Structures are given as structure tokens and as C-alpha cells.
Amino acid sequence: MRYLKIILMLLLPLAVAACGDSKFKSYHGPKVTSVQVQKANRKMYLLHNDKVLKSYDIGLGGNPVGPKQFEGDQKTPEGGYYISHRNPNSRYHLSLGISYPNPQQVAYAEAQQKRPGGDIFIHGELPKSRRHGNIPQDWTAGCIAISDEEIERVYAMVTPGTPIFIYP
């Protein structure tokens with residue numbers, strides 16, 4: 001009996017920790033068949049066919065007007081892409097990769113003797129350790145930013161291969 005109490009006391013903290021809030025959520029609703037981003041309105045929509053399942057206010061690259069063309073231009077791409085992969089170890093909580101650049105964008109940048117850039121994601125917030133005062137709406141290097149709570153839901157709902165359309 002004495003050993004049982006000791007074992008229970010040792011296991012209690014583990015059980016409490018296991019009940020903590022995980023960043024990995026589950027989703028059991030309609031399949032997200034596409035993601036649409038309206039840069040001008042700073043909105044992102046998750047759709048099942050033509051029905052909007054969820055909408056989010058977003059932040060963009062620091063120079064958001066116009067399509068991304070080159071590494072470091074601080075622009076968010078425009079056009080049709082797909083969700084390429086999930087990153088559970090993102091510096092921005094969680095993230096979903098976007099398949100930018102496409103072959104035409106690579107060729108255009110190379111013709112200008114520049115690099116097209118890459119590593120474009122839908123991701124969560126700037127880590128608290130890197131925040132200095134108020135964060136502007138458009139603060140990324142070209143990614144699409146939402147809150148950490150929102151990226152947890154989006155991460156659960158959107159799978160690799162899902163088309164994403166980014167409009168001006």
C-alpha cells in the first residue's frame with residue numbers, strides 16, 4: 001500500500017502535464033478543398049468547394065503590394081500554389097509550407113540575375129522573445145501570419161496538397 005501511494009504521487013505530475021493544452025488539434029469537419037487569400041482585404045478563407053468554413057484576418061510581408069519576385073523583397077506571393085508540407089517545429093508556433101516559387105518565377109528571377117526567394121508559409125505569431133513593442137499588421141518576410149491559436153486550427157484542417165490561391 002505504501003509503495004502504491006509513492007507510485008501514485010510520482011505519476012500525478014505526469015498525468016496533470018498530459019492533460020495540458022496541446023498545440024496539435026484534431027478536426028472532424030468537412031474537408032478543406034482550397035485556401036483563398038485576399039491580400040488587399042487581409043483575409044484568408046478555408047473552403048469546402050464553394051462554402052467558406054472559416055475566415056481569418058492575416059498579416060503579410062512588410063511590403064505587401066504586388067507579387068513576390070525576389071528574395072528579400074518583403075512581398076507575399078500571388079497566384080496559385082499548394083500546401084507543400086507541415087512544419088510542427090516552426091519558429092512561429094506551427095506552419096504550413098506554400099509551394100512558392102514555381103518554375104516560371106524561378107526563371108524570371110534568374111533572368112534578372114536574382115534569387116526568387118522561398119520558405120513562404122502560413123504561420124503563427126512572432127515569438128514573444130523577438131517582439132519589441134507593438135507588432136505591425138504586415139511584419140513577415142513574405143509569409144501569411146495569423147495568431148498562434150488560429151494556426152493550431154488551420155494546421156488541423158488543412159493538409160499537404162491543398163490548393164492555395166493568393167489574390168492581390
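A Cβ is built for glycine as well, from the same backbone N, Cα and C atoms used for every other residue.
Taken straight from TrEMBL:
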SIGNAL    1-17  signal peptide
DOMAIN    33-167  domain 'L,D-TPase catalytic'
ACT_SITE  His123  active site, proton donor/acceptor
ACT_SITE  Cys143  active site, nucleophile
DSSP-derived helix, strand and coil totals, residue by residue, for the domain 'L,D-TPase catalytic' (33-167): 22 helix, 44 strand, 69 coil
If one measures from the C-alpha of Cys143 (active site, nucleophile) to the C-alpha of His123 (active site, proton donor/acceptor), what distance in angstrom results, rounded to a whole number? 7
